[in-house]
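Worksheet: the structure to be examined is printed underneath.
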Amino acid sequence: MTTSSAGPAALGADAGTAIAKQRHSEGKRAERRLGLLLCAPAIIVMLAVAAYPLIYAVWLSFFRADLRTPDDQEFIGLGNYITVLSSPIWWNAFGVTMFITVIGTFFQLVLGMLLAIVMHRTIIGRGLVRTSALVPYAIVTVVAAFSWRFAWTQNLGWLAGESAPLTDRWSSLWIIILSEVWKTVPFMALLLMAGLALVPEDLLKAASMDGANAWQRFWRVTVPIIKPAILVALLFRTLDSFRIFDNIFVLTSGANDTASVSILAYNNLIRGLNLGIGSTMSVLIFISIAIIAFIYIKLFGAAAPGAGDDRR
Amino acid sequence: MSYQQETTQRKAMWAGVNVLVLLYAFIPVIWIVSLSFKDAGTLNDGNFLPRSPSAESYQQIFTDYEFIRALINSIGICVISTFIALVFGTMAAYAIARLDFPGKKTIVAVSLLIAMFPQIALVTPLFQIQTAIGTFDTWLGLIIPYVTFALPLAIYTLSAFFREIPWELEKAAKMDGATPYQAFRKVITPLAMPGVFTTAILVFIACWNDFLFAISFTTTSASRTVPAALSYFTGATTYERPTAAIAAAAVIITIPIVIFVLFFQRRIVAGLTSGAVKG
């Protein structure tokens, strides 16, 4: 734009605004270009490592593809899906995953809410409580899982004594849930605490003046206000629980019918080298997660992260 | 009941509650630490605390080539992944927070989608692709998926931070005669640094924590990270159950993260909540 500096004085008023407009839209275009340019590396990496392989997984799921018999690769349509969906092993793993997700998320919500209230309300040592509550978040999941495994190992652990709960299906499942809940309650609590900070004290005081007791204040005042935070936290935790892998791998390796869908897919892939079946399971897990996310977003609409945020 | 008495009672009540929270947070941690200090003779006594503490297990793992190698892999892979994710994430987050361009919402939606992605769904295809292009069982083979899954986290957290920066300051600095570069360097960078730093910690923790990719895409000590190595630990002799050694290794990989978290607690809380709730 070297000519424009001398421009406006010599030109008519109309031409001047035209140039200003052009300059403005050129500025807009430059901004768009810069925006896309800055996002390009992130987009390329995410597409190359998530989108392309996902499509490839869908493609593989229609083939008989077993690395132990590499010459036998053949298109079998929905064959793998029929195999997986008619297998009791898959449905058992699906049931285990749902059980852990539903029960685990419930306990995370209840304990997370309690912890959030403590962190928000405590009158002494608030810093200490908030800091320590972060410790489980900081512990590597595998390490936490080992800690629980050793604690419940016969003769070795302080919780086990003579019993061996990790050799039994139901006690193993509860220990898996305990381990998952312990680790993730702080995260839940942090999200809820961010919500609690938004509740106006005056409103609580007013409700108290009107004779509402603590329980009523919580249900009638606090919960409606922090509903968006609760929903976001629930969505995050549900999707995360459904993917559970590390804890089960360390605690039971999926023995005694405690395998989650992720463990099952892993066993078929990496241990069994059956890419066709493994891919089919991966796709089914992806679909399940999509359905869960869809239900949440449908039910709670605007509360979902990213939705209705006009600052963007 | 006097006011004084009431506050004392409330304080006592909260003190009790706080102790419960502390026990909740620390008992599993103290247990694994205490296990790592038990010697071979008292390992199986089932006591919560060691009767005769010894540093035997630590000596054992620090003379173990496999563990040291895994530690180096973990540090190297996580530092490189964090750095790349941070550079790409900062660029994208700046654009999302500050610039107006088409497709912005799509980018945000896609990164949210990836954040919720079942990672197991990528293990098969990536396993295939990685063996085909030769990145299987290398540092690069882990760095690539780590960066991908760290990016949504970085973009969310950083754009939440960037939106809080008063960008008018930049204009003011330019009015005062600073060049655009100076304005950015001297005014915006110092304001953005805490956000970038917080994001770096969150991303690093996420990479350090990964287990699924680490056991799926590695087969040897060339690239196996500590969480994966832990589950393959065999101890000094093959027949010995390496419980104490696993405990010691677990403590070693936990210490740096716990220190990070305790030290930057305030910022981490800000990062987690802003990224998740405002994001």
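Cβ atoms here come from the backbone N, Cα and C positions, even for glycine.
Over in TrEMBL, the protein carries these features:
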- A:34-59: transmembrane segment (TRANSMEM)
- A:89-119: transmembrane segment (TRANSMEM)
- A:94-296: domain 'ABC transmembrane type-1' (DOMAIN)
- A:131-152: transmembrane segment (TRANSMEM)
- A:172-198: transmembrane segment (TRANSMEM)
- A:218-236: transmembrane segment (TRANSMEM)
- A:248-266: transmembrane segment (TRANSMEM)
- A:273-297: transmembrane segment (TRANSMEM)
Looking only at residues six or more beyond either end of the transmembrane segment (A:218-236), which have a C-beta under 8 A from one in the stretch?
105, 109, 112, 187-188, 191-192, 194-196, 198-199, 203-204, 207, 212, 293, 296-297, 300, 302-305
Two-stretch contact, the transmembrane segment (A:248-266) and the transmembrane segment (A:34-59), at least three Cβ pairs under 8 Å:
no
Among A:34-59, A:89-119, A:172-198, A:273-297, which stretch has the most Cβ pairs under 8 Å to the transmembrane segment (A:131-152)?
A:172-198
Same chain, outside the transmembrane segment (A:273-297) by at least 6, Cβ under 8 Å from its Cβ: which residues?
54, 57-58, 60-61, 63-68, 76, 80-81, 83-85, 90, 94, 231, 234-235, 238-239, 242-243, 261-262, 264-265, 304, 307
